[in-house]
């Protein structure tokens, strides 16, 4: 209680452990302060987290992969069909702040394990829902979204604690590669299972088995507790606690901030706010593309006479397979290219990250607009420009997260990620699938029912995504004006 604070902080600042022997041969108290986990264990932890992220996003995109079958099975219009993904995303985003709060204060391994178990169980249960219980099917998708929120909110913060800034971007890039890979596998798995079994329900019975494996690996390979950040940050935290103890009678009182104070501080962080709005535009576009693009490509092929209209329960799923492959390929290439571009350009420009994000958003919006315009006459060109559009969108995934991690102080990172998830999904992909479906229905209602107008209604609805992409690029451009100042503030 009366020990010199300087003696207490010295081993922390030098990266030493309290378990090491002192110079006089005595043994210090065994208290783990500095991070001493070997690189091999850290790699195993990241591998488990990446596998969980893969399953997470496979579950996200099973429904879009067999959307035509689900639409036919339940007898849905475009508006109600889009509601499936909207309910999923709404529950996901509303649960994210709760898990962000819990992740900053309680054991993250337990929260991750509970989330995996919950969403896997609900996904398995949804595979037995009959055609007369559409509302229960919608509810099940919402519950899966709650389970997914626990994972997406907490897993990146564990990676941030395991690696320093130089390596962190690379590891985050690997982690976020499994967003497009999982998304693409979701399309391909759903379409493949529906085609091979003749029953789309089987698409929901594969990922629960993978989830069980992920849960087992999490229990066996991930440490029960992972040290928060680095020794230097821990030293600063203890230093502030000692100062507070000196000033107040209760020496054991901890310095804590409320969730509202954390939110207020983040709201004043211009880089965090602007980059989150840019991510919101990304989410809007990717949510609409992910839900409706296979259907749009199918309708374009029907208008061109390439494929017949779907008049039976098992519809043509080839577009889901192709779009899934495009999503995987462009996602991997885009995330790697984005991380490498950021690594190189940071050496010559401190604003490189937001400028990369802004440029890629502008190019992606242009490619998407061209793809929509040529869809009725040349389906091959449509696939090519969609691939480029997805490629430039994928450039931003790891870079945006890295911006957050260096402009927000470590003790607020789980809360910041949760708020970013809330805002980006609330204003982004929570509404875009439903909005596109509603606009499509409204256009069809004003015209004579035909295959031509079924295609055009979706084409005109998608143009909205191109304009939202331009706004996203503008927000990332604004981020570049504040990022240097906010980064220095977070370091202080």
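The backbone N, Cα and C atoms fix where each Cβ goes, glycine too.
A TrEMBL annotation is a machine prediction, not a hand-curated record.
The feature domain 'Major facilitator superfamily (MFS) profile' is assigned by TrEMBL to 45-484.
Within its own chain, the transmembrane segment (43-63) is flanked in space by residues 70, 84-85, 88, 112, 116, 119-120, 123, 141, 144, 148, 151-152, 155, 158-159, 162, 171, 174-179, 181-187, 189-190, 203-204, 207, 210-211, 213-214, 217-218, 221-223, 226, 290-291, 324, which lie at least six positions past its ends and keep a Cβ under 8 Å from the stretch. Summarising the annotation, TrEMBL assigns transmembrane segment to 43-63 (among others).
Under the heading transmembrane segment, TrEMBL lists 83-103 (among others).
Sequence-distant contacts of the transmembrane segment (110-130) (same chain, at least 6 residues past either end, Cβ-Cβ under 8 Å): 52, 55-56, 59, 62, 99, 102-103, 136-137, 140-141, 143-144, 146-151, 154-155, 201-205, 207-208, 210-212, 214-215, 218-219, 222. Among the features that TrEMBL reports, transmembrane segment is placed at 110-130 (among others).
Outside the transmembrane segment (136-159) by six or more residues, the chain places 45-46, 49, 52-53, 56, 59-60, 63, 74, 83-85, 87-93, 95-96, 98-100, 103, 108, 111-112, 114-116, 118-120, 122-123, 125-126, 129, 168, 171-172, 175, 226, 401, 405, 413-414, 417-418, 421 with a CB less than 8 A from a CB of the stretch. Annotation source TrEMBL lists transmembrane segment at 136-159 (among others).
Look at TrEMBL and you will find 171-190 (among others) tagged as transmembrane segment. Sequence-distant contacts of the transmembrane segment (171-190) (same chain, six or more residues past either end, CB-CB distance under 8 Å): 46, 49-50, 53-66, 155-156, 159, 162-163, 200, 203, 206-207, 290, 294, 317, 320-321, 323-332, 334-336, 338-339, 390, 394, 397-398, 401-402, 405.
Taken from TrEMBL, the feature transmembrane segment applies to 202-222 (among others). Long-range neighbours of the transmembrane segment (202-222) within the same chain, counting only residues 6 or more positions beyond its ends whose Cβ lies under 8 Å from a Cβ of the stretch, are 44-45, 47-49, 51-52, 55, 58-59, 62, 65-66, 109, 112-113, 116-117, 119-121, 123-124, 126-127, 189-190, 193-194.
Packing against the transmembrane segment (277-300) from elsewhere in the chain are residues 60-61, 63-65, 67-68, 82, 85, 89, 183, 187, 307, 310, 315-316, 319-320, 322-323, 354, 357-358, 361, 364-365, 368, 375-376, 379, 382-383, 386, 389-390, 393, 396, 400, 420, 423-425, 427-433, 435-437, 451, 454-455, 458-459, 461-462, 464-465, 468-469, 471-473, 475-476, 479: each is 6 or more residues past its ends and has a CB under 8 Å from a CB in it. TrEMBL lists 277-300 (among others) with the feature transmembrane segment.
Among residues of the same chain six or more beyond the transmembrane segment (320-342), those with a C-beta under 8 A of the stretch's C-beta atoms are 61, 64-67, 169-170, 172-173, 176-177, 179-181, 183-188, 190-192, 293-294, 297, 352-353, 356, 360, 383, 386-388, 390-399, 402. TrEMBL lists 320-342 (among others) with the feature transmembrane segment.
Annotation source TrEMBL lists transmembrane segment at 354-374 (among others). For the transmembrane segment (354-374), same-chain residues at least 6 beyond its ends with a Cβ under 8 Å from one of its own Cβ atoms are 271, 274-275, 278, 281-282, 285, 289, 338, 341-342, 345, 381-382, 384-386, 388-393, 395-396, 399-400, 403, 459, 462-463, 465-470, 472-474, 476-477, 479-480, 483.
The transmembrane segment annotation in TrEMBL covers 380-405 (among others).
Among the features that TrEMBL reports, transmembrane segment is placed at 417-440 (among others).
Annotation source TrEMBL lists transmembrane segment at 460-483 (among others). For the transmembrane segment (460-483), the residues of the chain that approach it from at least six positions outside its boundaries are 270-271, 274-275, 277-282, 284-285, 288-289, 292, 296, 350-351, 353-355, 357-362, 364-366, 368-369, 372, 396, 403, 407, 432, 435-437, 439-440, 443, judged by C-beta separation under 8 angstroms.
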Within the same chain, where does the transmembrane segment (83-103) have neighbours whose Cβ lies under 8 angstroms from its own Cβ atoms, ignoring anything closer than 6 residues to its ends? I mean 6 or more beyond. 60, 63-64, 70, 111, 115, 137-139, 141-146, 148-150, 152-154, 157, 259, 287, 290-291, 414-419, 421-422, 424-426, 429-431, 433-434, 437
Can you work out the mean pLDDT of the predicted model over the domain 'Major facilitator superfamily (MFS) profile' (45-484)? 83
